[in-house]
Amino acid sequence: MTNSSQSQRPASSASESSVPTVRVALLGAGNVGAEVARILLTDAVELGERIGARPKLIGIAVRDVDSPRTVTLPLELFTTDADALIDDADVVVELTGGIEPAKTRILRALNAGKPVISGNKALLAQHGEQLHAAAEAAGTSISYEAAVAGAIPIVRPMLDSLSGDKVKRVLGIMNGTTNYILDQMDTTGASFDDALAEAQRLGYAEADPTADVEGHDAASKVAILGGIAFHSSYTFDDVYCRGITGVTAEDVEAARRSGFVIKLLGVAERVTEGEGDQAQEKVNLRVVPTMLPRKHPLAGVHGAFNAVFVEAENAGELMFYGPGAGGAPTASAVMGDLVAALRRSVAGGPGVGPTFHAGLPATGMDGVKTSFALTLLCPDRTGVLAEISSVFAEHGVSISTMQQRDLPEDPAHPGQGQAELRFVTHRARNADLVRTVEAIRQMDVVLDMRGLIRVENDN
Ligand SMILES: NC(=O)C1=CN([C@@H]2O[C@H](COP(=O)(O)OP(=O)(O)OC[C@H]3O[C@@H](n4cnc5c(N)ncnc54)[C@H](O)[C@@H]3O)[C@@H](O)[C@H]2O)C=CC1
Ligand SMILES: N[C@@H](CC=O)C(=O)O
Ligand code: NA
């Protein structure tokens, strides 16, 4: 490799053609990186026409040059010296994941004025502001369409197309692995573990799938998207996060019997706390397993697909839908960012990044209005229902539906029938719902609390 200039102008490569070339460094050749390399190698000429300069893949930095790959790539491109590769390039594509050394490498490229494309939501949701500041200071850009909802164009529409509107809420399915698992459990009766193993095999899961199933991956995406939507800076720590490890086959089955489906939803929404002069606008960010009525549009999002609703003051409701994970689909988003960044390089100027001027504080769950489904095991006798209903009423929470399922008599307690009572509440303040649930849990007539999950419906 030769040393390239660190300017934004594409370098000429007379040996290959008269079209100028831009030198692309790729960090990582896993599920996504290998697909990006494949596209760069096969489509360089056509991409050159779109960009005005031909992208030349000059090297791929990996941990181990001899690791088996999903795509066959020329061995001479591989190197373990990421720093030398970055220094030799005009543009850097980071697809290794994790915080370090990815952060140091990205900063190395940005500080040298080189545009960076990354799919690293974990990093962006922790250090996004610092990376943007470095890009701005050096007059370059960092782009990350792949980091949120895979192939779906959502980051750039939020940054560009909706930048003249006022976003009220962003809500959706933002993790392919958990959607795949929940969908398999619902439609085929697969076990959690089998479905996760298949999601890993298909290249949907993170290197450590705990990030997926504990909701951390979706939380990073909510922090990134919420920040763009509300012109503020949020990190992973601002997101209230619950994963799907607590969702059992029984929960999935119970939801199905009631005409619902369980999805892991990510939400970022404006909330107003306080009243009158004290009223303050804040933003609640959360990731929670949620029951949705089967007729809800998000209930029909299957497999590793994602879907994101954006509610904006003037646009109204928008829905973005498509593959949320997987090598080739995610590589499509990376390539879109790469072409856009290189077009800017060729034409001059870094383009427009996000702003954080609004500074809306993130807020906790207490004031958020939501509804719960609650499944209780109780003795099947007169008065139980009234007793439980009165606790809901005492806390100002109204019941939307109640279903009773009589269970076979417990042989250990002859003569004492038991019933499963399933309540779905209307929307109420989260703090009131939590107090209601705690009071119900303490009641003598409640033998077991079998399921507790949020519900997204219109009431
Ligand atoms: N797999 C997917 O569906 C999606 C992944 N992403 C993100 O894209 C990035 C890459 O994801 P995958 O390709 O699935 O990961 P992967 O685990 O399949 O591949 C990671 C690659 O990076 C290399 N690598 C890791 N640490 C390195 C280091 N310190 N130095 C040099 N090379 C290193 C590995 O050798 C491997 O080639 C991650 O940030 C991930 O969150 C984003 C959207 C979707
Ligand atoms: N592990 C992630 C990959 C894409 O972001 C997911 O399953 O959604
Ligand atoms: Na995307």
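Glycine too: its Cβ is placed from the backbone N, Cα and C atoms.
Since we're looking at a predicted model, the values are computed, not measured.
TrEMBL lists LYS221 with the feature active site, proton donor. Residues annotated as NADP(+) binding site in TrEMBL: LEU27, GLY28, ALA29, GLY30, ASN31, VAL32, GLY33, ALA34. Residues annotated as L-homoserine binding site in TrEMBL: GLU206. Annotation source TrEMBL lists domain 'ACT' at 373-454.
Structure with TrEMBL features highlighted.
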residue	record	Cβ within 10 Å
LEU27	NADP(+) binding site	27
GLY28	NADP(+) binding site	24
ALA29	NADP(+) binding site	26
GLY30	NADP(+) binding site	17
ASN31	NADP(+) binding site	23
VAL32	NADP(+) binding site	26
GLY33	NADP(+) binding site	29
ALA34	NADP(+) binding site	23
GLU206	L-homoserine binding site	20
LYS221	active site, proton donor	31
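The two recorded residues, ALA34 (NADP(+) binding site) and LYS221 (active site, proton donor), have Cα atoms 23 Å apart. GLY30 (NADP(+) binding site) sits 20 Å from LYS221 (active site, proton donor), taking the C-alpha atoms as the reference points. For ligand 2, no neighbouring recorded positions occur among LEU27, GLY28, ALA29, ASN31, GLY33, LYS221, by Cβ distance under 6 Å.
Mapped onto DSSP classes, the domain 'ACT' (373-454) shows 23 helix, 33 strand, 26 coil. The Cβ centroid of LEU27, GLY28, ALA29, GLY30, ASN31, VAL32, GLY33, ALA34 marks the NADP(+) site; residues of that chain outside this set whose Cβ lies within 8 Å of it are LEU26, GLU35, VAL36, ALA37, VAL62, LEU95, THR96, GLY327, given in sequence order. Reported as a whole number, the C-alpha separation between GLY33 (NADP(+) binding site) and GLU206 (L-homoserine binding site) equals 13 Å. Rounded to the nearest whole angstrom, the C-alpha distance between ALA29 (NADP(+) binding site) and LYS221 (active site, proton donor) is 22.
Across the structure, VAL32 (NADP(+) binding site) and the residue listed as 'L-homoserine binding site' place their CA atoms 11 angstrom apart. Residues from the recorded positions list (GLY30, ALA34, LYS221) with a C-beta closer than 6 Å to any atom of ligand 1: GLY30. Mean model confidence for the domain 'ACT' (373-454) is a pLDDT of 92.
The distance from the Cα of the residue listed as 'L-homoserine binding site' to the Cα of ASN31 (NADP(+) binding site) comes to 10 Å. Distance between Cα atoms for GLY28 (NADP(+) binding site) and LYS221 (active site, proton donor): 21 Å, as a whole number. Between the CA atoms of LEU27 (NADP(+) binding site) and the residue listed as 'active site, proton donor' there is a gap of 21 Å, rounded to the nearest whole number.
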